[in-house]
Amino acid sequence: IPSVSSIVPESCLLIVVGLLVGGLIKGVGEKPPILKSDIFFLFLLPPIILDAGYFLPLRPFTENLGTILIFAVVGTLWNAFFLGGLMYAVCQLGGPGLNHIGLLANLLFGSIISAVDPVAVLAVFEEIHINELLHILVFGESLLNDAVTVVLYHLFEEFASFEQVTILDIILGFLSFFVVSLGGVLVGVIYGVIAAFTSRFTSHIRVIEPLFVFLYSYMAYLSAELFHLSGIMALIAAGVVMRPYVEANISHKSHTTIKYFLKMWSSVSETLIFIFLGVSTVAGHHYWNWTFVISTLFFCLIARVLGVLVLTWFINKFRIVKLTPKDQFIIAYGGLRGAIAFSLGYLLDYKHFGMRDMFLTAIITVIFFTVFVQGMTIRPLVDLLAVKKKQETKRSINEEIHTQFLDHLLTGIEDICGHYGHHHWKDKLNRFNKKYVKKCLIAGERSKEPQLIAFYHKMEMKQAIELVESGGIGKIPSAVSTVSIQNINPQTLPLERVLPALSKDKEEEIRKILRTNLQKTRQRLRSYNRHTLVADPYEEAWNQMLLRRQKARQLEQKMNNYLTVPAHKVDSPTMSRARIGSDPLAYEPKEDSENLPIITIDPASPQSPESVDLMSEEPKGCSGLPPSPEEDEEGLVMRVKEPSSPGTDDVFTPGNGDSPSNQRMLRCLSDPGPRPEPEEGEPFIPKGQ
C-alpha cells in the first residue's frame with residue numbers, strides 16, 4: 001500500500017505489526033515473548049551500529065565533530081539532570097502514589113529516557129532524505145551519547161545500592177565518563193588495526209575475508225561491554241579505522257559481500273527490534289500513572305527544545321556555517337527515543353527499583369509518541385519549511401581533485417597565519433598515515449599508490465561492474481586503461497617487481513586520467529537558451545556597481561584634465577574677434593605674448609580666400625606701444641604685410657618676439673602633459689635651446 005508507506009514511517013508500521021502479533025498470541029492464550037535486554041544488546045544492536053560505523057561519512061562527521069560532541073555530551077547531561085530534577089519535584093507534589101520515589105531513582109529514569117536513539121533516528125531520517133549536515137548532527141549525537149547514557153545508568157544504579165554517597169564517589173563517577181568513552185574508542189581502534197593487519201595476508205583465501213571484518217568488530221563490542229566500556233563507541237571506532245585499509249586489501253567480491261551482508265543484517269535487526277517493541281508492549285506488566293506519564297512526556301519535549309536552543313546559540317559563535325532556526329527545529333524535533341531506552345528500563349532490578357513497571361510504561365509512552373507523532377509529522381514539516389534535502393550525486397575525479405586542492409590550500413593558509421586549525425592536524429595525520437601506517441597495513445604496491453589513482457581505480461571498477469550487470473559490456477570504451485583490465489581480470493604480478501614512489505608510468509597515467517576526465521566535465525553541462533534562463537537576483541546589483549565604477553573613472557579623468565596644463569589651442573580669427581568683442585578685459589594680452597597668429601590681407605582682393613596669409617593679426621598693445629583711442633574701439637588691427645627682402649622666408653623668419661627665452665617660455669606653457677622626469681643633476685631646460 002504505497003499511499004500508507006509514504007505517510008507512515010516503516011518503524012511505526014513495524015510497531016503496529018508487533019502490537020497485532022502480540023494481541024493475537026495473547027488472544028490465543030499463550031504468553032507473548034518479551035524483548036529481553038541480553039538479546040537486544042548482544043545480538044540485535046551490534047549489526048545496526050556496525051553498519052552505521054563502517055559506512056559513516058567520515059568527512060562531514062569530522063568537520064562537525066565539535067558540534068556533535070557538544071550536543072551528545074552537554075545536551076544529554078542537561079536532559080538527564082533537568083528531567084530527573086523536575087520529575088523528583090513532580091513525585092514530591094504528586095500524592096501518595098509517587099512520594100516514595102527518591103532523587104536517585106528519578107535521575108536514573110532521566111538518564112534512560114534522555115538519550116536520542118540511533119535505531120529510531122536511522123529508521124526515520126533515511127526515509128525523509130534530509131540534507132547531510134542535519135543528518136550527521138542528529139545521527140552523530142545519537143551514536144556518541146551512548147557513553148554518557150552508559151556512565152549515568154551504571155553510576156545511578158550503583159549509587160542506589162549505597163547507603164551514603166560521598167563527594168569522592170561523585171568525582172570518581174565524573175572521571176568514569178572519560179574512562180568509558182575513551183576506553184571504548186581505544187578498544188575499537190586496537191581491533192580495527194588488528195583486522196586491517198590480518199586482511200593483508202588473506203590474498204590466497206578470499207572467501208573468509210568478510211568473516212574477519214565481522215569477527216573483529218563483534219570482538220571489539222564484546223570486549224568493551226565486558227569492562228563496562230561503551231560498546232557502541234568501540235564498534236564505531238573499529239569500523240572507521242579498519243575500512244580504508246581492509247578495502248585496499250580485500251577483493252571486490254569480498255567488499256560487495258560485506259556491504260550487502262551488513263545492510264541485510266542491520267535491516268533484519270531493526271525490523272525485529274520494532275516488532276518486539278510492539279509485542280513487549282502487549283505482553284509486559286504496566287502500571288499507569290497519569291501524572292507521572294504526562295509529566296515525563298511534557299518535560300522530555302521542553303528539555304530537548306531548551307537544550308538545542310541554548311547549545312546552538314553557543315555553537316553558532318564558533319561555526320562558519322551557522323545553524324539556522326529551521327535547522328534547530330529539525331534537530332530538536334528529530335530527538336527520537338527507541339528500543340535502547342526500553343531495554344535499559346527492562347534491565348532495572350526490582351529489589352532497588354520497585355517502581356520499574358511505572359518507569360517502563362512511561363518509557364513506552366515516550367517512545368510511541370516520538371516515533372509515531374514526531375516520526376510521521378517530520379516529513380511534511382521538512383517540506384513545509386523547505387529544508388534542504390540530500391542531493392544524490394556521484395563523486396567525480398574533478399570533484400576529488402578540487403577537494404584535495406582546497407584542503408592543501410587551506411592547510412597552507414593556516415601555516416602562513418600560524419593558526420593550527422583542523423586542516424593542519426588533518427594534514428599531519430595524513431602524512432603520518434602515508435609514511436608509516438599504510439606500509440604496515442596495506443599489502444603490495446597499493447600502499448604507495450597516490451590517493452587520486454586509488455580513487456580512480458575504485459570508480460573504474462564500479463563503472464565496469466555496473467556495465468557488466470546492465471548487460472552493456474559492448475559499451476566499455478576501447479581506451480580502458482591497463483589498470484582497470486587488471487582489476488577485472490586480475491593477474492599475478494612477479495614478486496621481484498618493486499616500483500619507485502612515483503614512476504614515469506604513474507605520472508603518465510595521472511596525466512591521462514586528468515586529460516580524459518576533465519574534458520568529460522564539459523559534456524555534463526546542460527544546454528540552454530535565452531528563454532529558459534533563470535533571472536539572476538544579483539544582476540541588478542552588478543549593473544549598479546559597474547555604473548558607479550564608470551562614473552568614478554569619468555570623474556577621475558576630468559580631474560586629471562583640470563590639473564594638467566592644456567596645450568595652447570589656436571582659435572580661428574572669427575572666434576577670436578567674437579570672444580574679444582564680448583569681453584575685452586578677459587582677453588587683455590600679456591606683455592610677453594608677441595608670437596600670435598598673423599593674418600595678411602591682400603589689398604587688391606580682400607574677399608578672395610587665397611589672399612589670406614598668416615601675417616600680423618595683433619591685438620592692441622602687442623607691439624609694446626600704448627594703444628590709441630581708435631584702436632580701443634576697433635579691437636583687432638589689420639596690418640598690411642610688408643614686402644619681404646629677397647632671400648628671406650615668409651613663415652620661418654623669426655620676428656621681434658621670437659627670442660630664445662620667449663620661445664622656451666611658450667613651449668613650457670603650452671606643454672600638454674607631464675614628460676619623463678629629468679635625471680638627477682640634469683637641468684630642467686637643457687642649455688643651448
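Using N, Cα and C of the backbone, Cβ positions are placed for all residues, glycine too.
Annotated features in TrEMBL:
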{"type": "TRANSMEM", "residues": "6-25", "note": "transmembrane segment"}
{"type": "DOMAIN", "residues": "8-382", "note": "domain 'Cation/H+ exchanger transmembrane'"}
{"type": "TRANSMEM", "residues": "37-56", "note": "transmembrane segment"}
{"type": "TRANSMEM", "residues": "68-91", "note": "transmembrane segment"}
{"type": "TRANSMEM", "residues": "103-124", "note": "transmembrane segment"}
{"type": "TRANSMEM", "residues": "136-156", "note": "transmembrane segment"}
{"type": "TRANSMEM", "residues": "168-198", "note": "transmembrane segment"}
{"type": "TRANSMEM", "residues": "218-241", "note": "transmembrane segment"}
{"type": "TRANSMEM", "residues": "262-284", "note": "transmembrane segment"}
{"type": "TRANSMEM", "residues": "290-316", "note": "transmembrane segment"}
{"type": "TRANSMEM", "residues": "328-347", "note": "transmembrane segment"}
{"type": "TRANSMEM", "residues": "359-382", "note": "transmembrane segment"}
{"type": "DOMAIN", "residues": "479-566", "note": "domain 'Sodium/hydrogen exchanger regulatory region'"}
{"type": "COILED", "residues": "504-531", "note": "coiled coil"}
{"type": "REGION", "residues": "585-689", "note": "region 'Disordered'"}
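Per-residue pLDDT, averaged across the domain 'Sodium/hydrogen exchanger regulatory region' (479-566), gives 64. Among 68-91, 136-156, 290-316, 136-156 has the largest number of CB pairs under 8 A with the transmembrane segment (218-241). Among the recorded stretches 6-25, 37-56, 136-156, 328-347, 359-382, the one sharing the largest number of Cβ pairs closer than 8 Å with the transmembrane segment (68-91) is 136-156. In this chain, the transmembrane segment (359-382) lies in contact with the transmembrane segment (103-124); the count of Cβ pairs under 8 Å, excluding pairs fewer than 6 apart in sequence, is at least 3.
Spatially, the transmembrane segment (359-382) is adjacent to the transmembrane segment (290-316); three or more Cβ-Cβ distances between them are under 8 Å for residues at least 6 apart in sequence. With Cβ pairs under 8 Å as the measure, the transmembrane segment (290-316) is packed most heavily against 328-347, out of 6-25, 136-156, 262-284, 328-347. In this chain, the transmembrane segment (136-156) lies close to the transmembrane segment (328-347): three or more C-beta pairs between them fall below 8 angstroms, excluding pairs fewer than 6 positions apart. Proximity of the transmembrane segment (6-25) to the transmembrane segment (168-198) is not established, fewer than 3 Cβ-Cβ distances being under 8 Å for residue pairs spaced 6 or more apart. Listed as Cβ neighbours of the transmembrane segment (168-198) (distance under 8 Å, sequence separation of 6 or more from its ends, same chain) are residues 147-148, 150-151, 154-155, 159, 162, 212-213, 216-217, 219-220, 223-224, 227-242, 245-246, 249, 440-441. Sequence-distant contacts of the transmembrane segment (262-284), counting only residues of its own chain at least 6 positions beyond either end whose CB sits under 8 Å from a CB of the stretch, comprise 11, 14-23, 25-26, 31-35, 40, 43-45, 47-48, 50-52, 54-55, 119, 122-123, 338-339, 342, 346, 357, 360, 364, 367-368.
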